[in-house]
Amino acid sequence: MPSNKSVSDAPIVQFTNCRILRDHQLQREDLWVREGKILNPEKLFFDEKGSADVQLDCKDSIIAPGFIDVQINGGFGVDFSLATDDFKSGIDLVSQKILSHGVTSFCPTLVTSPPSVYHQVLPQITVRNGGAHGAGILGAHLEGPFISKEKKGAHPEHCLRTFEAGAFQDLLATYGSLDCVQIVTLAPEMRRSSEVIQELTKRGICVSLGHSVANLSQAEEAVQHGATFITHLFNAMLPFHHRDPGIVGLLTSDKIPAGRRVFYGMISDGIHTNPAALRIAHRAHPKGLVLVTDAIAGMGLAPGRHTLGQQVVEIDGLNTYIAGTKTLSGSVATMDTCVRHFQEATGCSVETALEAASLHPAQLLGIEHKKGTLNYDSDADFLMLNDNLYVQATYIAGEEVWRQDASGM
Amino acid sequence: MKLIILENYSQASEWAAKYIRNRIVQFGPGPGRFFTLGLPTGLPRDHPESYHSFMWNNFFKHIDISPENVHILDGNAPDLQAECDAFEEKIKAAGGIELFVGGIGPDGHIAFNEPGSSLVSRTRVKTLAMDTILANARFFDGDLSKVPTMALTVGVGTVMDAREVMILITGAHKAFALYKAIEDGVNHMWTVSAFQQHPNTVFVCDEDATLELKVKTVKYFKGLMLVHNKLVEPLYSMKEMGAERNQSKKPYSD
């Protein structure tokens, strides 16, 4: 075998007989990987005179970038909003289990909780790369407590707070530390939200609007101050009204600053949003759609009662309600289910469905130069899927971390 | 000369591909025994549509060639003439070109050997004719001032040294050049005509490219297609071992 020594001695793997998602299209191309990154084979050939050390036949699979879930509250009995002694092993368990759903990076999400929970839990969440141990952690998503009472959904009312007294300092005191926080969801109609949004944006934290009764101009003002995301569109916000579209109106607002895009999360489990509403949002602003699971502790477990932060919820099939009520509280859908459902409900192309769970969340978090695509020099986090978008294998940094075995486990 | 006339571009391409395949298989290449395929040169390296990208995407990435066995003239070399001389040496070292495959320009040029090029020229730096610059403008956003005016090219003499030459000519705009190449005399204004003096040339063309030829010429060569088609049928495969390959007929020369 000729030497590939001019740049690196590391082995080069060539994935052949596959269709890769690149430049928004499925192309018949081989995928080359070296040292955990996607390699440019043309440069390898001409500049290094190198070639593959290992060739793997992918049996005509689709290869797509790994899914990124920016809103997941727990799963498999683990609740990220519960400060338990074995929190660390809980987060490890979830990060390992979601590999089979095609998720290679995620933002563990905490619902509205008392400050003590944040102070205990947040220091135990570390931003880290994924691998055989589990999906990578991009940072925490703090959904609340600075949200609206009228749209609290499943969040506990007694923990809701405002920051009208000390603005950003109040927020910092509540959370304790923002070191590994990636996203904060808040209600922009709250007094002094503009200052808070600006401070958070300055620190590179993505601000999301949700659980709010804001009207469109309040939402637009929040965007102008730096907000870039909408938490589970349609849910926990005022419904679309033709004379005041509310937060939903951001999808087609003309007041978005130039060069910026507003992204919006959608839980496409078939329950949180009627497929017709999903189609309306998708058609209005296809490039902003980010698929999220909003999965709770009961995801992956049998039907019955489970906790979600300070509340008790009841699972019945794919439906999750606050015990004894009809208030939806998170979902038990998995990311790959959401991708498939999204594709069926909207009739969109396979490429669009896959990008909604990979490229768009990466763009939201400003990390698309290394995640969410199969471009050269990106992190080699990818999935092998069959034509029906069932995940067959998951790879992180070029290493296989999960494979569907014959028994379908 | 063998003149192979097919109905259209696709059929001409397919015939040529099958012929090249059979030639490679019958040659029986292996370690140290190279089937040296010669191809004409193209655009400068650092252009996004560069010849390197073109060759990678259309050829190299689909086959199992070792990168060390690929030699492309480097237009960014510090000493261009030395680069050309070294290229000639590399051809000799590989045992000479077994088969050179090229097309012709509407002005009858082979590689970048524009009208007026010496018919015994070697690999060198060549100024490009206006026709060629205009044709390449599309790779430089239509801006003529950005198109390189010089290129490195194999010479007519270099190609004449190949053991076999295949020229692909399709389209009505090449018809006059084909006429000049095969029905008129050897002339340095139509450098492809030099191959009238090569012992082993194949011209593969489509109907449109024959529009300027005598009816007599076209009928004669079409009549020979039954014989010529034996060069592509049966189609040989590298996996066939031993007796069958040894029995296969070597392509005859005329």
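The backbone N, Cα and C atoms fix where each Cβ goes, and this holds for glycine too.
All TrEMBL annotations are machine predictions without curation.
According to TrEMBL, the features are:
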type	residues	note
ACT_SITE	A:Asp294	active site, proton donor/acceptor
BINDING	A:Glu143, A:His211, A:His232	Zn(2+) binding site
BINDING	A:Ala154, A:Asn235, A:Ala236, A:Arg243, A:His272, A:Leu328, A:Ser329, A:Gly330	substrate binding site
DOMAIN	A:62-401	domain 'Amidohydrolase-related'
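What TrEMBL annotates, mapped onto the structure for a quick look.
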residue: A:Glu143; record: Zn(2+) binding site; Cβ contacts under 8 Å, 6 or more apart: A:Gln71, A:Thr109, A:Leu110, A:Val111, A:Thr112, A:His155, A:Thr185, A:Gly210, A:His211, A:Thr231
residue: A:Ala154; record: substrate binding site; Cβ contacts under 8 Å, 6 or more apart: A:Val111, A:Leu308, A:Gln311, A:Val313, A:Ile322, A:Thr327, A:Leu328, A:Ser329, A:Gly330
residue: A:His232; record: Zn(2+) binding site; Cβ contacts under 8 Å, 6 or more apart: A:Gln71, A:Gly210, A:Gly265, A:Met266, A:Ile267, A:His272, A:Val292, A:Asp294
residue: A:Asn235; record: substrate binding site; Cβ contacts under 8 Å, 6 or more apart: A:Gly153, A:Ile267, A:His272, A:Thr273, A:Leu328
residue: A:Arg243; record: substrate binding site; Cβ contacts under 8 Å, 6 or more apart: none
Take the binding-site residues A:Glu143, A:Ala154, A:Ser329 and keep those with a Cβ under 8 Å from any chain B Cβ; what remains?
none
Through the lens of DSSP with three states only, how would you label A:Leu328 (substrate binding site)?
strand
Just name the most isolated of the binding-site residues A:Ala236, A:Leu328, going by other Cβ atoms within 10 Å of its Cβ.
A:Leu328
What DSSP gives for A:Arg243 (substrate binding site), in three states, is coil
Judged by other C-beta atoms within 10 Å of its C-beta, the most isolated of the binding-site residues A:His211, A:His272 is A:His272
Relative to the mean position of the Cβ atoms of A:Glu143, A:His211, A:His232, the recorded Zn(2+) site, which additional same-chain residues have Cβ within 8 Å?
A:Gln71, A:Gly144, A:Ile147, A:Gly153, A:His155, A:Thr185, A:Ser208, A:Gly210, A:Thr231, A:Asn235, A:Ala236, A:Asp294
Between the recorded positions A:Asp294, A:Ser329, A:Gly330, the one whose Cβ has the fewest other Cβ atoms within 10 Å is A:Ser329
Please compute the mean pLDDT of the model over the domain 'Amidohydrolase-related' (A:62-401).
94
Please state whether DSSP places A:His272 (substrate binding site) in a helix, a strand or coil.
coil
Taking the residues A:Ala154, A:Asn235, A:Ala236, A:Arg243, A:His272, A:Leu328, A:Ser329, A:Gly330 listed for substrate, what is the greatest CA to CA distance in Å, to the nearest whole number?
30
